[in-house]
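What TrEMBL records for this protein:
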type: COMPBIAS; residues: 15-28; note: compositional bias 'Basic and acidic residues'
type: REGION; residues: 1-28; note: region 'Disordered'
type: TRANSMEM; residues: 45-66; note: transmembrane segment
type: TRANSMEM; residues: 72-91; note: transmembrane segment
type: TRANSMEM; residues: 103-125; note: transmembrane segment
type: TRANSMEM; residues: 141-161; note: transmembrane segment
type: TRANSMEM; residues: 173-191; note: transmembrane segment
type: TRANSMEM; residues: 197-223; note: transmembrane segment
type: TRANSMEM; residues: 235-258; note: transmembrane segment
type: TRANSMEM; residues: 288-317; note: transmembrane segment
Amino acid sequence: MSGEGEAVKRVRQMTGEDGKDKESEAKSSDRMPLLGGLDQRWRNWWIRGILSIVMISLFAVVIYLGPIALSLLVVGLLLKCFQEIIAIGYSKYREHNLPLYRVLNWFIAIVASIFIYCDNFFYYYPELKGTTGLFSFFGQYHRIICLSLYVAGFVLFVLTLQKDLYNTQFSMFTWTHITLFLFGCPAYLSIQNTFESIFWLIVPVSLVVCNDIMAYLFGFFLGRTPLIKLSPKKTWEGFIGAVFATMLFGLVLSHMLAKYDYFVCFKGGTDCERPAIFVLQEYNVGTFFFYLYPAVLHSLALSVFASLLAPFGGFFASGFKRAFKVKDFADVIPGHGGIVDRFDCQLLMAVFANVYYFTFCRSPDPDKLVAILLSLPLDQQREIFTHLQQALANTS
């Protein structure tokens, strides 16, 4: 019996995806002629595998460049995801020739991206507000600037309304804002995670990637039982196998990263007072004892979410594609589809990782507090210093 199983094939034929898959794989093989002699199933295996290694390697390079590069990558991915979703809407309403449709969409998206990045950047680098020039001005007033630009776009949208196009224009206006909400919120929280500690970006992202790869591998070789009609390729064998593989991977990865200050310190620093969850602690199980970073135990919660709930982001995306009768959101990554196809499961994961961290793991960071204090005017610093002196004297 083949790896996907007869049951999976029947579901794919019923939903009409089998022919679309073959067409997609044929396009991918044209880009990699060396694989042209292989069976389609194995050709797709090699294409997905090779490009997965390439993407993971590029991600490792960005990690090396630090939190600012990682946060810029997040914004870049946000804009690309926005482009792919909006392109589907544009293809649906193209014949209406909406006035300034693309201009307004991209204007609002760029303003939102600037806000998402700058609001985090200047919060975690408050000392830059104390500099002089345009940079300092934008640091102080980026929120009102972004709001003003958005209001300008809103007014322009109202001015372009046409009687015969009201329904279509408001549909696309809603489409734009829902897209920015669905992708902008996870992007904002991902940047926040990055500046808090690179650990809290790498681990959640890597867990979803691991789960996706393991589900594909287990499903490829052992898959027989369809998991959900929205994604005919998904199997129970792949889903269950990925759960255990992801939990094991999470334990190993979190333990490795917790050893190095670069991954656990605030803003990717290498000299900090380690948070308590990144300090080895002794655990006793009966007569046995061992040392472990508490962060490793927290990774289990992330692994469970990445395995059981994050995939529903992918199922949601599959339902969206079926609603608009498209195979992939784009064709930028052979064998994978578009950026949205690769990051649909990351949306829920980014939100959960942020909420989990701030609820259970975050501890006061003296370095961050000092940076905020130093960004204040000198008279306010003196006032705070006086209050601290009095409080410490009373405590003594």
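Keep in mind that glycine also has a Cβ here, set from the backbone N, Cα and C atoms.
Annotations in TrEMBL come from automatic prediction, not curation.
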Tertiary contacts of the transmembrane segment (197-223), as residues 6+ beyond its ends and Cβ separation under 8 Å: 3-5, 8, 45, 48, 52, 56, 59, 63, 66-67, 70, 190, 233-235, 237-243, 245-246, 249-250, 253-254, 257-258, 262-266, 268, 275, 278, 295, 299, 302-303, 306-307, 310-311, 314, 345-346, 349-350, 352-354, 357
Same-chain residue ranges lying at least 6 outside the transmembrane segment (72-91) that approach it to Cβ under 8 Å: 62, 101-102, 105, 109-110, 113, 116-117, 172, 175-176, 179-180, 183-184, 187, 190-191, 194, 324, 326, 329-330, 338-340, 343
